[in-house]
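Notes for the one structure printed next.
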Amino acid sequence: MAHNHRHAGKPRRQPQAVIIGMMGAGKTRLGKEMAQMRGLPFLDADVEIEREIGMSIPDYFAQYGEPAFREVERDVVCDILDSFGGIFSLGGGAPMTKAIRRRLAQYVARGGKVVYLKADPHEAMERANRGGGRPMLTGDAEKRWMSLFRQRDPVYRQVANLVVPTRGMTPKAAAKRMIEMVAEHTVHVDGRGIEPYDVRIGEGALSHLPEVLGKQPVRVALIHTQSVQRHSDRARGLLRQAGYEVSDIVIPDAEAGKTIEVANGIWQRLGTEGFTRSDAIVGIGGGACTDLAGFVAATWMRGIRYVNCPTSLLAMVDASTGGKTGINTPQGKNLVGSFYTPAGVLADLRTLTTLPNDIFIEGLGEVAKSGFIMDPQILRILEDHAAELRAFSGETFLGTPLEDVVSELIERTVRVKAHHVSADLREAGLREFLNYGHTFGHAIEQLEHFRWRHGNAVAVGMVYAAELSSLTGHLDRDTVDYTRSLLTSLGLPTSWNGAGFDEVLALMHRDKKARGNTLRFVGLEQVGEPFHLNDPDSEAGRGRPSTVCRTREWNRSGRCEVNIRPECKVGADHPYTLRPRYSGEQPTATNWRDNGNEVTADQGHGGQWAESGAARSASAGCVRFAGSRGAASTLHPVGGRIRP
Ligand SMILES: NC(=O)c1ccc[n+]([C@@H]2O[C@H](COP(=O)([O-])OP(=O)(O)OC[C@H]3O[C@@H](n4cnc5c(N)ncnc54)[C@H](O)[C@@H]3O)[C@@H](O)[C@H]2O)c1
Ligand SMILES: [Zn+2]
């Protein structure tokens, strides 16, 4: 089907990483190590240049001088940047050449990773001198090295998009860290009313904790659940090593942790332990834990620094971004809370190693949602890897191709969320599109007393929203069917039979997304094109057999079954299938005729029908009607067949 087309064209070849840094930083050594670990080829610019000039670099320097050398260097480096797919290390002076900087900037813009390998000056200096044959270090080597460092360090920082400090690390550990950082994805969240922050996604992302917390905090409250103890231990180690005083705070699991009592307990503890405005909070856990931790951070002294470390797929793709924090009350979920921007989000893929399969799958519901509302590539990835994703096992997934798949899905989903929340922080317009599938999903969650997990409820809600979009003439049947089959292939539910439709409808009316008396949905015109579907005729909402009302409502009454038939649609630009308004009583000839080529409208429709010009035919219980899209909402365009 339409969603199957593959990535068009081959991506151009470019290095997986380009390493820059001072001489003696270990660029060649670590680059080789890194390449070997990843099974990639390695090139060293200086070796390639010597091959090109047919002599050693010191000889070339002596014979032709530095400017001539820089020219050769520029040509060789630019050539390799355009044609080589492995790990590439540059000479220490290369980034000082403007043309090379420009090429590196283009490389970064295409997703390239320029790693600044930042060694301890003394270690690097010693290595550089030991090696000998460095034309740039002639004379007082140490003094030369330091003065070059002062010149080059700011340029390296500007050119690189990753900085890897290697002080005190073994070459193996440093190479491993470089690999992790190169594989890391960063989504920058920015927009009106938000202080910008980064969501960093990757194996080992927790190691950015000290850098995100900054130098100011003395104390850090590490809030987590028992379920992620292994990861909070790692975080605590990193924090202590960086010199923070860490208060370890364990809260009850899941929703039980999102209460005023738990928040109060933490406030008291922060008070006793002397937390000030300049201290900080780190929340590490699923969305419930990070919501609570964020809420405490937002309220303690009117807001202290907060770092969000999500450990479930859902928390990574959804709860981490957008700034919502909060707690539940006995009356409902998330009734108390605040918008509060974190200093940063660290989604460490290593935390997923302990995540149970069903909770991972549930998170895919929100991932798919982001695909439907904005990013079709997400759907393609889900399709291509459905079987592996469905079989997700935390213990074994690191280091497998699935890790890269999951990492890309997280990045793309966070990007979708960031896009929708950056336009307006508070619930409105664009942000509301994130609620695709949620109006119905929330009703399911409530009727199931939250025994249904959110992502599962949203999956069913998306099927409902797709059906509704199709019933109201906006979405083609193929996409509705595709919605079902994709979600099913991921192990997500697509139907629910837990209650009668009127109960669902009543709840949807009460949902906080319903404004005033209007029932608000997010519908789909096509994949990637959501729209606001306000107050679809309640009959249209009813007309969804397999998601909700077939078994209970309609058959129990013994009266009729709504049966949406794709073939009822005419192939015009704006085809609708219609079922005349009908009050719940037996349909009669006054509001329905299916045996002629003309449909007699009931009074309520007369004007509209006349205006849009025509019911043309009806057959096999299907009414064909071509009208304009604008008239759709007043026409009650519900497709179907009514069987007494
Ligand atoms: N702030 C927002 O914008 C936002 C958005 C979506 C959801 N949420 C909130 O997030 C919560 C749902 O998030 P959730 O699905 O992560 O639920 P959750 O926090 O209840 O986590 C689900 C379960 O998985 C466990 N778990 C999480 N990570 C684990 C790991 N790495 N290893 C082992 N176990 C782990 C948890 O302990 C819990 O038992 C809800 O409270 C919801 O309101 C908030
Ligand atoms: Zn959601």
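Every residue number used here counts from 1 along the chain in the order it is shown.
Keep in mind that glycine also has a Cβ here, set from the backbone N, Cα and C atoms.
TrEMBL entries are annotated by machine, without manual review.
Every protein chain shown contributes to the tally, and the Cβ of T28 (ATP binding site) ends up with 17 other Cβ atoms within 10 Å. According to TrEMBL, the feature ATP binding site maps to G24, A25, G26, K27, T28, R29, R134.
What TrEMBL records for T28 is Mg(2+) binding site. T28 (ATP binding site) falls within a helix when secondary structure is assigned with DSSP.
Neighbour density for R70 (substrate binding site): within 10 A of its CB lie 17 other CB atoms from the protein chains shown. R70 (substrate binding site) carries a helical DSSP state (H, G or I). What TrEMBL lists as substrate binding site is D46, R70, G92, R152.
What TrEMBL records for 253-258, 287-291, 311-312, K324, K333, 351-354 is NAD(+) binding site. Using a 10 Å radius centred on the Cβ of G287 (NAD(+) binding site) and all shown protein chains, the other Cβ atoms total 25.
Taken from TrEMBL, the feature domain '3-dehydroquinate synthase C-terminal' applies to 363-514.
The Zn(2+) binding site annotation in TrEMBL covers E366, H438, H454. When secondary structure is read from DSSP and collapsed to three states, E366 (Zn(2+) binding site) falls in the helix class.
Per TrEMBL, region 'Disordered' is recorded for 579-613.
TrEMBL lists 585-600 with the feature compositional bias 'Polar residues'.
Nearest to T351 (NAD(+) binding site) in space, judged by Cα atoms and limited to the binding-site residues R29, G92, R134, E366, is E366. Reduced to three states, the DSSP call for G287 (NAD(+) binding site) is helix. In the structure as shown, the Cβ atom of R134 (ATP binding site) sits within 10 Å of 18 other Cβ atoms. The average pLDDT the prediction assigns to the domain '3-dehydroquinate synthase C-terminal' (363-514) is 91. Classification of S312 (NAD(+) binding site) by DSSP places it in coil, neither helical nor stranded. Ranked by Cα separation from G287 (NAD(+) binding site), the binding-site residues K27, R29, H438 are led by H438.
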